[in-house]
């Protein structure tokens, strides 16, 4: 015998994402049940509460709600009871317990959790973008980057990019190789979003030598050769001089955090 579909109304003072996730998690414990969700969001006034319940009464079902305003939550409880509706308050009992536990009243500001979730998803998207645009990958995506870092190999492009990504910025980085022009897409974006990284030659020799040893290789050849590195850096400097709109940062004595702070202050501040 086919079960009838039950209606569940999700009422929220924000987007309703939180209440829906909780209800779906609870429903996963039940087999062979069918539910149709109806979201009613942005409930911020008494009129909104009354209108929401009128919507519920068109095709009655269970009401599950998250309203941080205690007066609106009480109004919804009273009206639901008056109409014989099952209504479950997901957040008020928790707010009361937390208030007692911490000895502090809640802010009662709608949408705070959604704001936190949005910031989290922004960081996730930024990290995903940055990974996909590391070391010159997919130059077509440079236009979507908040910052574009350029510099020679081992000049902190990747760690700096990832640090900024965890701050919520989409970052691409492009390697500068002596004698090879950067991709043309680099010059089609807002040039004030491009950051040129420069580093002292001796410090770069140390970094590249350590890198080779970590890979089990002898520090021979041009990769860690001082004169070769000086030539690479001079090629970089000439490129930066030809593009005066780029922000140039010397990372020799700066930590990743310090370099990131300078970029954010000068380009996003």
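The backbone N, Cα and C atoms fix where each Cβ goes, glycine too.
Copied over from Swiss-Prot:
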BINDING   151, 152, 153, 154, 155, 156, 157, 158  ADP binding site
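Highest local Cβ density among the binding-site residues 153, 155 belongs to 155, counted as other Cβ atoms within 10 Å over all protein chains shown.
Same-chain residues that are not part of 151, 152, 153, 154, 155, 156, 157, 158 yet have a Cβ within 8 Å of the Cβ center of the ADP site turn out to be 173, 175, 197, 199. Within 10 Å of the Cβ of residue 152 (ADP binding site) there are 20 other Cβ atoms, across all protein chains.
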